[in-house]
Amino acid sequence: MKWLLLLGLLALSECIVHKVPLVRKKSLRKNLIEKGLLQDYLKTHTPNPATKYFPKETFATVSTESMENYLDAEYFGTISIGTPPQDFTVIFDTGSSNLWVPSTYCSSLACALHKRFNPEDSSTYQGTSETLSITYGTGSMTGILGYDTVKVGSIEDTNQIFGLSKTEPSLTFLFAPFDGILGLAYPSISSSDATPVFDNMWNEGLVSQDLFSVYLSSDDEKGSLVMFGGIDSSYYTGSLNWVPVSYEGYWQITMDSVSINGETIACADSCQAIVDTGTSLLTGPTSAISNIQSYIGASKNLLGENVISCSAIDSLPDIVFTINGIQYPLPASAYILKEDDDCTSGLEGMNVDTYTGELWILGDVFIRQYFTVFDRANNQLGLAAAV
């Protein structure tokens, strides 16, 4: 009897899913609008989501990664670093691979208004001579790399490499609702070859399965989760459909087509798509997105937002993404973002050099509709309709 109980406990331990709650907050864009600063920001920062995936230059020890993509980010979680633990609010970003937070080495105003990691207060911190630089448009966040214990939910990830900022551009981060970024993409795109957090978790045997899953609730504040080491079927309906990863860097897949009312409007001969929790909107080629915006009646306001009449939502068609032979419809209630009496399009155009071909970014607008499993063991994504 005792052996049966022990075996049952062992089986249960192997199925533990470590759930990390995410909170939905006002985005940096909304904060800048409220402060009357968005127009000034956009004069010197031209958001182009493509720069996140195709940085202009890469160095051996100093890497680049655009920060404008986080202008619309709304989902954030809490982690801790060091001994005793120091808490930070981060974006769990499947479109990048590094972990970085502000530090006491940073004297920028943006750092002063956010939580800063103090290595002198941590008995487990180990410094390095390696550097990190992340571009944001007209300037950059610079920092150094170090090692320490990182706690994510109930998981204690020891000897984790991460970035400590030394300078941060004020306007970009001053009103940001997050302290740093926790990247969940493949190690091949990690700056300075730093081991990503999830890879370290798996290497140390801290998760029972080499995968994690994401549920983004449509609720205004609570209910969203990142689940490490497992899948919870109570967050989706039907069965998971699996899609092979086409490039083991980002969570990139091949998409068959994009259609409206049965007519293909983009990606006619298949194209590439990246599933990215760090991108709030659904992004595609500028011409295709422009055509869709016109079709649904969206028009730009003075702040550069594509506004639309809220009364039109019920009459607008689904945008259908066909992936690996399966159709994933996105209703207007998903791609039109409603706040109070204002409605804006959740679609955004981006410019990509022609040699890369047609590329789409399936951001939070898509992930809210479809529970997503990021399966590293089999290099595949699982998609199912979210509850």
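Each Cβ is built from the backbone N, Cα and C atoms, and glycine gets one as well.
According to Swiss-Prot, the signal peptide annotation covers 1-15.
The domain 'Peptidase A1' annotation in Swiss-Prot covers 75-384.
Around ASP93 (active site), the same-chain residues at least 6 positions away in sequence with a Cβ under 8 Å from its Cβ are ILE181, LEU182, GLY183, LEU184, ALA185, ASP276, THR277, GLY278. DSSP assigns ASP93 (active site) to a strand. Under the heading active site, Swiss-Prot lists ASP93 (among others), citing sequence analysis as support.
Positions annotated as disulfide bond by Swiss-Prot: CYS106-CYS111 (among others). Cβ neighbours of CYS111 (disulfide bond) (same chain, under 8 Å, six or more residues apart in sequence): PRO102, SER103, SER165, GLU168, PHE173. DSSP assigns CYS111 (disulfide bond) to a helix.
Cβ-based neighbour count (10 Å, all protein chains) for SER129 (phosphoserine) stands at 7. The phosphoserine annotation in Swiss-Prot covers SER129.
Long-range Cβ contacts of CYS271 (disulfide bond) within its own chain (separation 6+, distance under 8 Å): THR254, MET255, GLY357, GLU358, LEU359, TRP360. Annotation comment: Swiss-Prot describes CYS267-CYS271 (among others) as disulfide bond.
The active site feature in Swiss-Prot is assigned to ASP276 (among others).
CYS310 (disulfide bond) has a Cβ environment of 15 other Cβ atoms inside 10 Å. The feature disulfide bond is assigned by Swiss-Prot to CYS310-CYS343 (among others), with similarity to another entry given as support.
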Handout entry: Cα proximity to CYS343 (disulfide bond), best match among recorded positions CYS106, SER129, CYS267
Key = CYS267
Exercise for the section: Take every residue in the domain 'Peptidase A1' (75-384), average their pLDDT values, and give the whole-number result. Expected result: 92
Problem - Mapped DSSP class for CYS267 (disulfide bond), helix or strand or coil - result: coil
Handout entry: SER129 (phosphoserine) to CYS106 (disulfide bond) - Cα separation in whole Å
Key = 16
Handout entry: Secondary structure of CYS310 (disulfide bond) (DSSP, helix/strand/coil)
Key = helix
Fill in the blank from the handout: Reduced DSSP state (H/G/I helix, E/B strand, rest coil) at ASP276 (active site) is coil
Practice task
Taking only the Cα atoms, work out how far CYS310 (disulfide bond) lies from CYS106 (disulfide bond), in Å, as a whole number.
Solution key: 44
